[in-house]
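Colleague: Following this message is one structure expressed as structure tokens.
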């Protein structure tokens, strides 16, 4: 691990933003809110910008990726931007041949299912990303500059950017299947049929995704979220034995990165803190304590269990993010308002709560509903 | 509800089979075992038989459906047959236009998403199934005759047939989306956007699937399993409010059907029992107590949680079915054997245990592995 590197953006004030304060376990007067997949197909300005550009090309175009990241921040006045990317971007950023098929998802030319294929894949040195990832880092730098100009949602701080990376298991699930699958059986079987090949794949993937996250933080992201989208397909035992070590390993790449809370006029000296991390997966109610134990500051909770039940399972004292069911987004206003109030109430069980959906924004969402939710959360006491 | 109808097959001995005894809460000397989706693509004899016949046509062909149901019983020596069918068969059996696209699943000409579409659908009288379902009932009758000739796995009783039906929510999820979907968002949203239309749809679907199950039992099935494949996409609150009543309603169609345990030579008088029911859904660890509360004899447990954890959540005293992870099926023999032993050990927490997978048999499974598992379970002490 390198020496601690102090984070540049915090000099601009995100250390006092609602999001970063909540991630420190403080309770800002107003609950911060953002939405997973807020940048994307629910926004007409996104669909207009993307015409004629393929998904992965847009991720590697710094002007486009930064503009797309900014769109929901401007429109909804969310308390954070989430860097526009895709789960397979870090793989492309080390030279793996992958494309995204509309309506299907990431597809590789051939699955990495056999030990020989995995050996070829893991022969790629993940360090190559530091160079090949330059369009991503530039996208982050531009976004951070735009967010600074945009200002903070509370009129004081700059709006923080959250870096995005898929967790090793979720990446491995795509790699082993060669594309999307329903229950990730190929990956889940490989860990039992060939544990050595599986471990090699996970170790490599952890390096790739860890470097991807580190690059975003070094370029100015104020926090980092690890998305283990498919972890919910695992039993707790398989998660703990065959997945958790790699997720922990991925996070070591950002653990030495810190930011500074400046000295206060009342004499409180400046303090240095690690850049905060969030961990989320779909349908992971059974795995929350393990997902927390990889060493993160906050746990994202899917809509299936309530936040107070999540807090109970975590043993208390853990910052939570979540968890309005996306199925509520088209409900009549009174039903939606009651659901938002329920989530806010349940979130009071945690030391701090970051409001979000319990899953990504569905593409068909009416963006006005998201704007309304931000208003509701910000108006709540 | 009609008067109790005594079940014909039990005169032939399935009342003393391992499966039915376990479903009564007894512990037979040998743990019964069968596999969800045991009849199907994992078997070469199935693939040969299906050449040139579409999925739904095979379900409505009594000779073919019964032969397919028998194939795994003969090959693996399982303790039960599960009637070969598909989740949408009861819909076709009331005249709904549906087809199954290979590699995709059930597809309707148009989704039943708006109140007007649902009104048109629910105008179909479910009672029409009693007549249109005749090819299904005939398939069951033929299967039961073949199972009687086949004999019981333990050399004493006949092998029992389990009737198959999808639960109302899982059927509704397909209907509202017009086909398969990843997170069943259409159905989950409808229950909040238009609760009246949702309730009408669920009430109708409960009648359809309940009659489908009843028809199979009247034709000779010894038990009935309700598959709520997609219930795991629901929060406990939505399940309880918007789904559970319809599942309970579906089961009222078999609740009055009974079988007789003959008088014993030691003087125990003959007793009449309700035909036993099993309830299963994927990823439903959070919902088990509610799924039990609809009034079933056994709960099928998915592979994500252990059987002893399931028993703990159910409060004890509930017969369990499950739950070897299909991801183990390709593992080296020693790993597989240890996993089977683990499931058997964990199943000892329940009053009785029916061994099964924690999900359906994957199409690519080596059938020899399934035969081996039956041997392992039957040899276990």
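Every residue, even glycine, has its Cβ placed from backbone N, Cα and C.
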Colleague: Given that TrEMBL annotates B:37, B:38, B:39, B:40, B:41, B:86, B:174, B:229 as binding substrate, state which candidate in B:353, B:359 belongs to that site as well.
Modeller: B:359
Colleague: Which one is it: of the binding-site residues B:37, B:41, B:359, which Cβ has the fewest other Cβ atoms within 10 Å in this structure?
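Modeller: Ranked by other Cβ atoms within 10 Å, the binding-site residues B:37, B:41, B:359 bottom out at B:41.
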Colleague: Roughly how many angstrom lie between the C-alpha atoms of residue B:41 (substrate binding site) and residue B:86 (site 'Transition state stabilizer')?
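Modeller: Here the two Cα atoms lie 13 Å apart.
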Colleague: By DSSP assignment, list the helix, strand and coil residue numbers for the domain 'Uroporphyrinogen decarboxylase (URO-D)' (B:162-178), in that order.
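Modeller: Going by DSSP assignments, the domain 'Uroporphyrinogen decarboxylase (URO-D)' (B:162-178) contains 10 helix, 5 strand, 2 coil.
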Colleague: List which of the recorded positions B:39, B:41, B:86, B:174 have a Cβ under 8 Å from any Cβ of chain A, in sequence order, or say none.
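Modeller: Checking chain A against the recorded positions, no residue falls within range (Cβ-Cβ under 8 Å).
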Colleague: Does residue B:174 (substrate binding site) have same-chain partners at least 6 apart in sequence with Cβ under 8 Å from its own Cβ, and which are they?
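Modeller: Sequence-distant Cβ neighbours: B:87, B:88, B:105, B:106, B:108, B:180.
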Colleague: Take the C-alpha atoms of residue B:39 (substrate binding site) and residue B:86 (site 'Transition state stabilizer') and report the distance between them in angstrom, rounded.
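Modeller: So the alpha carbons of residue B:39 (substrate binding site) and residue B:86 (site 'Transition state stabilizer') sit roughly 11 Å from each other.
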Colleague: Check the DSSP secondary structure of residue B:41 (substrate binding site), expressed as helix, strand or coil.
Modeller: coil
Colleague: Between residue B:359 (substrate binding site) and residue B:86 (site 'Transition state stabilizer'), find the distance joining the two CA atoms and give it rounded to the nearest Å.
Modeller: 15
Colleague: In Å, rounded, how far does the Cα of residue B:86 (site 'Transition state stabilizer') sit from the Cα of residue B:37 (substrate binding site)?
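Modeller: Distance between the two Cα atoms comes out at 10 Å.
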Colleague: Counting across all protein chains shown, how many other Cβ atoms sit within 10 Å of the Cβ of residue B:39 (substrate binding site)?
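Modeller: By my count, 25.
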